[in-house]
Amino acid sequence: MVYHASYVRFLERARTEWLRAMGIGQQGLRESEDLVLVVRAMQLDFHQPARLDDELLASVVVTERRHASLLIGQVITRGDQVLVRATVRVACLVASSFRPRALPEWLAVDST
């Protein structure tokens, strides 16, 4: 069985790949925009356990965009079975000061 804390890593990896699919990675955000995205809150609901060697898929959908944060819905599935549902509030901060800042317009215009 997969240890419950491992799902947090899977969800983080999916959000990182979501950013890469938009053409920029975490380091790129820091260097080009002086911006970091940090998890402010996270709720996880565990439905089914994953097992070693299961092929899992983690999705990322922005469900709400505020001035300086995103609410992201994530689901981890194995085939058509939902294993974990998560809601993640991600805050946008100035990388050099860790103070809140506005999200760039291009971020999360279309999250699907």
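Cβ atoms here come from the backbone N, Cα and C positions, even for glycine.
As annotated by TrEMBL, domain 'Thioesterase' applies to 2-83.
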Fill in: Average model confidence [pLDDT] within the domain 'Thioesterase' (2-83)
95
Discussion item. Based on DSSP, tally up the residues of the domain 'Thioesterase' (2-83) by helix, strand and coil.
Written reply: 24 helix, 34 strand, 24 coil
